[in-house]
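Colleague: Submitted below is the structure of interest, expressed as structure tokens.
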Amino acid sequence: MGQEDLMNTAEDVADQFLRVTKQYLPHLARLCLISTFLEDGIRMWFQWNEQRDYIEATWSCGYFLATCFVLLNLIGQLGGCVLILSRNFVQYACFGLFGIIALQTVAYSILWDLKFLMRNLALGGGLLLLLAESRSEGKSMFAGVPSMGESSPKQYMQLGGRVLLVLMFMTLLHFDSSFFSILQNMVGTALIILVAIGFKTKLAALTLVVWLLAINVYFNAFWTIPAYKPMHDFLKYDFFQTTSVIGGLLLVVALGPGGVSMDEKKKEW
């Protein structure tokens, strides 16, 4: 079997998977996407004092402002998750969660940690895809703006979302000389380029979902660490953040790459 035949077979399998799961995939994608916000909102409730004390000590902002920060994170994240899952005011919920990401990036000094910054940007990419998915005729935040085909805001949101999503995989590359690491880097880099440019997008995104799911379960198994150990919370945070990026990729699988992509351009050739 040649390379082209193998690719065609893989695409047929992916198409069959999509036909079977098309009714459930968008719902699963949204649930995965908001999982990190849901977990973090619940954590704000159960670790209220610790979170407040950390913000108060780090920023010397006083008890009241630190309490407001934790309360805003709790209500903003849990409220946004409820709205997204119920499909009510999804665009407002997405903007609210964008604000939470920006707030936490500053408050927890993520801005200076490249790995965590890239993962937060990837999370933002997932929200951007969700925002694009939520747009409907006559109910767009760009109401009144004439449609311009491939130049429509929705399609550029999908492009931006795809590009930001692949930042997650750049944090998973291992720069050492072992055969496995070199192979993983080569395959991973090829897949993220395909998703970013929108070529064989659904197949590449689905492959990345499987790959990232396996890595997430293997490396971020927080349930194997006692809850009182700091590593438990670290792995738990990493697990749900990675799950959210999986949700973003599932949206790409369910909705396609959008108009600004090579897959769409191929239709004109």
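Heads up, the Cβ atoms here are built off N, Cα and C, so glycines get one too.
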Colleague: Transmembrane segment per TrEMBL: which of the ranges 151-172, 239-260 is that?
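Modeller: Spelled out, TrEMBL records transmembrane segment over residues 239-260, not the other listed ranges.
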Colleague: For the transmembrane segment (206-227), find every same-chain residue at least 6 residues outside the stretch whose CB is under 8 Å from a CB in it, and list them.
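Modeller: Same-chain contacts beyond the flanks: 14, 17, 168-169, 172, 188, 191-192, 195, 233, 235-236, 238-239, 242-243, 245-246, 249-250, 253.
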